Structures are given as C-alpha cells and as structure tokens.
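Data first, discussion second: the structure below is written as structure tokens.
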Amino acid sequence: MEKLKKMAGVTAAQYVKDGMVVGLGTGSTAYFFVEEIGRRMKEEGLKVVGVTTSSQTTAQAEGLGIPLKAVDDIDVIDVTVDGADEVDKNFNGIKGGGGALLMEKIVATPSKEYIWVVDESKMVDKLGAFKLPVEVVQYGADRIFREFEKKGYKPSYRMADGERFVTDMKNYIIDLDLGVIENPVEFGKELKAMVGVVEHGLFNGMVNKVIVAGKDGVKILEAK
Ligand code: 5RP
C-alpha cells in the first residue's frame, strides 16, 4: 500500500513546474507528493511556493525547506495535489479522513488544476461506505448531532486521545455512517444548509485529474 501511495504521489509531482504556486495536500498519500517536491527542490533546483492544507503539512513542508504562502496572500494556485478517501465515476469524492477537509476545500477552490492521488482501493461505484466527515462549530454541535441522529445518519464525533478531535480551524468533526450516498450533490446542499455546519467532506466535481496507483501501474483519469 505504501508503494502504491508513493507511486501516485511521485507521479503527481510531474505536473509541478518551476515558478508555480502549489497546493500541498494532507494525508499519507499526499505526504509522498510533498516529499517529492522537497526532493526536486534540493536535487533539481525546482522553485515553487507552497500553500498548505493543514498544520501537519505545514510542518512537513517547513522541514523540507519549501517556501510557503498563506492562502489569503495568493490569487490563484497553479496546481493542488491532495489525497481522497473515496472517488466515484463522476469525479465526486469524500475527503476529510485526516480531519483537514475545510482547509483542503479552501485551498482547492482557487486551484487552476486540482489533482487527487489515490490507491485503487479508493475508487468506488457509489460514495458512502467511508464515513462522511462534517465539520461543525463547537457551539451547538450536540444539537446538530441530534439532528443527524433523527435523520438516521448514524453520527459519531471524531475522537483523538479520548477527547473530541478539534480541527486546525478549531471545530469538531461529526462522521456520518451513511452506507450509500445516492445523490452527493443534493446531499452536500442539505448539509451546507444546516446552521453550524462549516463544511462537509463531499468534494463534488472539483477534481480535474485522479492519479490512481494499482497493482498494474498508474492510471491517470481526466474529468471532462
Ligand atoms: C485529509 C484527507 C486525506 O487526503 C484523505 O483522508 C486521504 O488520506 P490518505 O491518503 O492518508 O488515505 O482528506 O483530511
């Protein structure tokens, strides 16, 4: 699995050219992309500026000596490479397994090219087997939780060390055990309409390319 993740991450780094502003994703697959950017800077003299999607990636990028800018200080990101938890045939996906979905979506939005790096186990017919992360403000979170229960969405709080996990943006994450999401676009709208929901992990139609690493090599899927 590590090998597949590395293959996907290293392949994605080929889309990064000198002088680009690059969105640096979060998670165990995006990790290899960030490492490869660091290697190219050191060994090939590549010059880029990074915009990170989590405190975890910031620490990694700083360790590699990648110069960083805040998302507020750039107009456009040339290319962002990130992982995903599930991807369907319509290029909709679930993200947020690593708890960084809000920053990831904010960085993805001004990106001219948005690429996901995944191993083949992430490719699915329908989204929803992976629990859908929903980022909510702490104030009133239990009310949203109870609303999700009433709707039958089987919510659970994301936990870390026995406490509720708090995101980099100081919010909670509620994971929804939905089984299948028949209409990700409509479901995303429903979640966004709930007061107190900051963002959800459905990234619908945002991605341009999905780099899938599998036993038979790397496939590059392009969205139309
Ligand atoms: C973090 C994410 C990750 O990109 C996603 O969870 C995939 O991670 P991994 O490559 O470790 O499976 O969305 O919030």
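Each residue, glycine too, has its Cβ placed from N, Cα and C.
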Task: Candidates K3, K122, K126, the one TrEMBL lists with T26, G27, S28, T29, D82, G83, A84, D85, K95, G96, G97, G98 as binding substrate - done: K122
Task: Long-range Cβ environment of E104 (active site, proton acceptor), under 8 Å and at least 6 residues apart - done: G25, T26, T53, S54, D82, K95, G96, F203
TODO: Grab the substrate binding residues from the record (T26, G27, S28, T29, D82, G83, A84, D85, K95, G96, G97, G98, K122) and give me their largest CA-CA distance in Å.
DONE: 16
